[in-house]
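Per TrEMBL, the features are:
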COMPBIAS  825-837  compositional bias 'Polar residues'
DOMAIN    55-432  domain 'Cation/H+ exchanger transmembrane'
DOMAIN    489-626  domain 'Cation/H(+) antiporter central'
DOMAIN    632-800  domain 'Cation/H(+) antiporter C-terminal'
REGION    806-837  region 'Disordered'
TRANSMEM  40-61  transmembrane segment
TRANSMEM  73-95  transmembrane segment
TRANSMEM  101-122  transmembrane segment
TRANSMEM  134-156  transmembrane segment
TRANSMEM  168-190  transmembrane segment
TRANSMEM  202-225  transmembrane segment
TRANSMEM  231-252  transmembrane segment
TRANSMEM  272-291  transmembrane segment
TRANSMEM  297-316  transmembrane segment
TRANSMEM  323-344  transmembrane segment
TRANSMEM  350-375  transmembrane segment
TRANSMEM  414-436  transmembrane segment
Amino acid sequence: MEKAEYTVANKSDDTVVCYSPTMITTNGVWQGDNPLDYSLPLFILQLTLVVVTTRLLVFILKPLRQPRVVSEILGGVLLGPSVLGRSVNFANTLFPLRSVMVLETMANIGLLYFLFLVGVEMDLSVIRRTGKKALAIAISGMILPFVIGICFSFILHGNEAEPLAHATYILFLGVALSVTAFPVLARILAELKLINSEIGKLAMSSALINDMCAWILLALAIALAENDSTSLASLWVVLSSATFVVICILVVRPAISWMIRRTPEGESFNEFYICLILTGVMISGFITDAIGTHSVFGAFVFGLIIPNGPLGVTLIEKLEDFVSGLLLPLFFAISGLKTDVASIREGQTWGILAVVIVLSCAGKIAGTVLVTTFYHMPLSEGFTLGLLMNTKGLIEMIVLNVGKDQQVLDDESFAIMVIIAVVMTGIISPIVATIYKPARRFVPYKRRTIQRSKPDGELRVLVCVHGPRNVPTIINLLEASNPTKKSPICVYVLHLVELTGRASAMLIVHNTRGSGRPALNRTQAQSDHIIHAFENFEQNSSFVSIQPLTAISPYFSMHEDICGLAEDKRVALIIIPFHKQQTVDGGMEATNPAFRTVNQNLLANAPCSVGILVDRGLSGSTRLAANEVAHHVAVLFFGGPDDREALAYGWRMCENTGTSLTVLRFVASDESLASTTELPPHIHDQDDPRILTAETDGVQEKRFDEEYLNEFRTKSAENELVVYAEQVVNNGEETVAVIRSLDSGHDLFIVGRGQGMSSPVTTGLTDWSECPELGAIGDILASSDFASTVSVLVIQQYVGLMPHETAAIPDSPPGQPDDKPANRWTPQASGTATPVF
């Protein structure tokens, strides 16, 4: 059998690895073949093992707020000679030396395309817009760690090395210590909810400048490493790399722009163009590899010259999941497989390692604190910023791998640097989360509900949007909300974006983009569509102001962003879409179960009133004028704070020209009242003071209802478009029958959530409730078997404690704050309810 020989650098020796080039695929186990002797089955198994190990570590380390890069490097270390690879059988069976070439080749292809995507997504205009402060922080944060790297290079590398080799070693060590990983930092800031803070924006700007400097230093380090024999060759490498960049800008970019112009707007790109660009990535990699820099440099530059816009969006969609999910972990795994912790033998070296970690971390912090002190920033912010700038990631791993491949770094130095990268990145999130608490200036405000808002004052509304589909009905709802000169509406539009593993750094910072700039990915494009729709609404409407914002969070903590913004902006009402959308046949189907969790958490924690909008279209039946639409609104009133809030919103709407309002009050019959005078099942002790509290509360709520209804009827008596009716019912079945009998001429039902209010007219309705967060009536109106043309707004009035007060728990003595009505049920995130007395 023909043999081919390849020489693989293994530690200090050259190992000759022999394998058959024909042994690619197996004939099958039934013919006695071992699949692991063949390169393709072995590679598939290795890839599966790497991905599974990485994902498992991501899941395990998630509670510790660890970025994915830490899990990916640790996954490689776990499979490598440091842990599992210590077993000779494991190493020889699953990661034999003959498989290294295939594994490294695929890892580098993944790296090539990933860095092309990083280039495509990077918006260099952000660098141009960064201020002097960010530039100063980036440079000072690089210089001190670089100096520390120079000092330690003499200890780690020894003095006997050639001057040029030592200079290259210093460059690699310095770059590895001074670099800040821009994509990893973006994710850490987003998870710590600091992305929109001043410190977050400053950290992102500084990291982006640092990233670009690191690329230039990396190209220089590679040029020196690969040509250590003569310094003239290094000069040629640098000059030819600069020529490559110039050709890309002057020749390739105009050619790609021509392709974009040839494609009509809104049309998908020609498959030939996409294929040409993807081939161009490999050609760029080949050219830069041939001239002496690393192939990833060519791919990154090629990505940078792709104009931002629909072409970039298309390329990212086609490549991102496959490259970042499957191939990129291979590169980190290879780094881990090369890391042998056992190579750090001496105790003295471990001591040096600890000192390097502390000093390089301290160097960045010191450099950053110097600049922040000069700019009169608080010391705590400077320290936090310095910590954040210590984030390590992809570029450092590329630097280390190139250094090891070029034999600039030995096994010991490589292992030390990988451990430093993991430790420094791993400790940042927990430390920053512990020490940095942004000073939240608590400003109490009274106008937390529509009912309490001044009729002649500004109404502030926070509108949450998941995607473009939510926009038309919300705009029509705001249009119907009667913005006037006396009472204008200020709308904060919050686009809710999930922070996932694939969320790019540029997506996270896209709030910093200038208006009118092309989108970098599909989420940005969606965000632009949403913002444009609301801006058009603002231009075509009087007395409406729009402020677009974006919240990028995991779904489980998204409500924190919404509540924080609502409090900061002092809004009276939050409107958020229901988690189900209408299908073509009129039914309702869940779009994303996580949306429901967001809604439930929001209801439990909101600092103001909340409205959940069940969207079935709200176009209005007739158009009266260019910007006026006739709406027919119905408010179903059962009693309680939520229903009063629903009536307050309906009342505001009916003051709009052409909007008719029907208020239908459901009243319990005498018989049903007599049959439901029993005490709640959890109260048995007749001497319990809570009995009196609960009874008093019921009487008080009825009095509030009567007073508010009388005020409404008196003030709207002369309005012909307002109809008030009362309906006497005995039980829940009769209530449902009345609701079903309502004519279908309405565009919108507004109902209170009715949480904590027990009434005979809703008896039994909660027994088969599908979505308890909507309340008994809201759930019926939102169900698939109800009228399919009427939208529903379910409102919960804010009656909670102020954030600086403490809630009384059910078993505590009954002394409660003045602004907290007794026996008000506080909904929990799980959808259950807990009584607060």
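Yeah, the Cβs are placed from backbone N, Cα and C, and that goes for glycine too.
Worth saying up front: this structure is predicted, and the values here are computed from it rather than measured.
The stretches the transmembrane segment (272-291) and the transmembrane segment (40-61) are not in mutual contact, being linked by fewer than three Cβ pairs under 8 Å (pairs 6 or more apart in sequence). Between the transmembrane segment (202-225) and the transmembrane segment (297-316), the number of CB pairs under 8 angstroms, six or more residues apart, is three or more, so the stretches are in contact. With pairs at least 6 apart in sequence, the transmembrane segment (414-436) and the transmembrane segment (101-122) have fewer than 3 Cβ pairs within the 8 Å limit; the two do not touch. Below 8 A, the CB atoms of the transmembrane segment (73-95) and the transmembrane segment (168-190) form no more than two pairs separated by six or more positions in the chain, fewer than 3 in all. In this model, the domain 'Cation/H(+) antiporter central' (489-626) carries an average pLDDT of 79.
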